[in-house]
Amino acid sequence: MPYIVDVYAREVLDSRGNPTVEVEVYTESGAFGRALVPSGASTGEYEAVELRDGDKDRYLGKGVLTAVNNVNEIIAPELIGFDVTEQVSIDKLLIELDGTENKGKLGANAILGVSMAVARAAADFLQIPLYQYLGGFNSKTLPVPMMNIVNGGEHADNNVDIQEFMIMPVGAENFREALRMGAQIFHSLKSVLKEKGLNTAVGDEGGFAPNLGSNEEALQTIVEAIEKAGFKPGEEVKLAMDAASSEFYNKEDGKYHLAGEGVVKTSAEMVDWYEELTSKYPIISIEDGLDENDWEGHKLLTERLGSKVQLVGDDLFVTNTKKLAEGIKNGVGNSILIKVNQIGTLTETFDAIEMAKRAGYTAVISHRSGETEDSTIADIAVATNAGQIKTGAPSRTDRVAKYNQLLRIEDQLAETAQYHGIQSFYNLNK
């Protein structure tokens, strides 16, 4: 039978060498699920709370034994006897056990680990792939990868202010080809950087992290790498950016301090800058172009660029239906970044994706900078037919694990697999 007989959590390490939570769920039938929780470096002010121990003598205060104990001592006894396939009821119970708006009592890292492990155990019990369990028989869309190949900001120790510069192989015929294109461009970029005498060490998300003369130079260099790899920028491959601008926004003067360039800009000047960049380069997506609390700035950006550029809310919406509803009502952005640990349960994650789709917003399924070998987000991308996934460069096992899982899923789906390329941007006037 699919009844839960044990839930167990332990402290393990993520891709940055920091502790995170791993949860295992066991059932009477022998079905089993394991999940590992990711962690972010640049985090939104309104994200669900990730519990850290604060004991400076253990992992510099970043231990997660409190969250682990919350699973083992509080959550586990409540879940014994539950039917593992009752995801909605279990997630509801987890939310009620915590009882706070931001999951600050038990910790989103504790709650999410359980939520994901339960889903994996249920899929194991039913002997079906996770994406099919989560999404049903119509789960068949492979996502366009948003591949972070130049890292800056909080993800790298360099002078680049913009956190991520990405490529999107929209001209590929299928996911396999998209991944090949991305990998070839990645290697081409390494060659270009070497020729320029620049550093080819990689950052948290597997992309290169060189010191560059300006943020725009990153775009120029990537275009050069795309062409060197034999692809057409703007036609076969589009560019995307994650500014993560809350990281360089100064609350005291209300301006954006681009320290790498020694420039200070107002909201309106930032919008002008993005408009200039999108006119010069084939940029199809900008994430968190302005601070998470700069709603007027986001509204202006949407008015100016929203019909031709995907404007993704990450820190702005934090995978939260209340924040997203506010954005939809006020005409802010046209896309939401989906990070499971920003909200804490699979049910709430899927609610945010559904709300976005109903409003004509796209949903981009995303990793965190502190990742693990867990590939659940790959299955979520296919389960929800989201059409886009952001999970780093084709480098580092913690990133490649997601891409390899998508290759497996594409193989399993065979001729029913779909890859929509540029049509994934249904929020734009293409």
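Every residue, even glycine, has its Cβ placed from backbone N, Cα and C.
It should be emphasised that the depicted structure is a prediction, and the values quoted were computed from it without experimental measurement.
The active site, proton donor annotation in Swiss-Prot covers GLU205. What Swiss-Prot lists as active site, proton acceptor is LYS339, and the listing cites sequence analysis. The (2R)-2-phosphoglycerate binding site annotation in Swiss-Prot covers GLN163, LYS339, ARG368, SER369, LYS390. Feature annotation from Swiss-Prot assigns Mg(2+) binding site to ASP242, GLU287, ASP314; the stated evidence is sequence analysis.
Features per Swiss-Prot, on structure.
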residue	record	DSSP class
GLN163	(2R)-2-phosphoglycerate binding site	coil
GLU205	active site, proton donor	coil
ASP242	Mg(2+) binding site	strand
GLU287	Mg(2+) binding site	strand
ASP314	Mg(2+) binding site	coil
LYS339	active site, proton acceptor	coil
ARG368	(2R)-2-phosphoglycerate binding site	coil
LYS390	(2R)-2-phosphoglycerate binding site	strand
Candidates GLU205, GLU287, ASP314 (recorded positions); min other-Cβ count within 10 Å returns GLU287
For GLN163 ((2R)-2-phosphoglycerate binding site) and ASP242 (Mg(2+) binding site), the CA-to-CA distance in whole Å is 6
Expressed in Å to no decimal places, the gap between the Cα atoms of GLU205 (active site, proton donor) and ASP242 (Mg(2+) binding site) is 13
Counting every protein chain shown, other Cβ atoms within 10 Å of the Cβ of ASP242 (Mg(2+) binding site) number 28
Note: in the chain of the residue listed as 'active site, proton acceptor', residues six or more apart in sequence with C-beta under 8 angstroms of its C-beta are PRO38, GLY40, ASP314, VAL318, THR319, SER366, HIS367, ARG368
Excluding ASP242, GLU287, ASP314 themselves, the Mg(2+) site's Cβ centre has within 8 Å the residues GLN163, GLU164, MET241, ALA243, ALA244, ILE286, ASP288, VAL312, GLY313, ASP315, LEU337, LYS390
One should report the C-alpha separation between ASP242 (Mg(2+) binding site) and SER369 ((2R)-2-phosphoglycerate binding site), rounded to whole angstrom, as 13
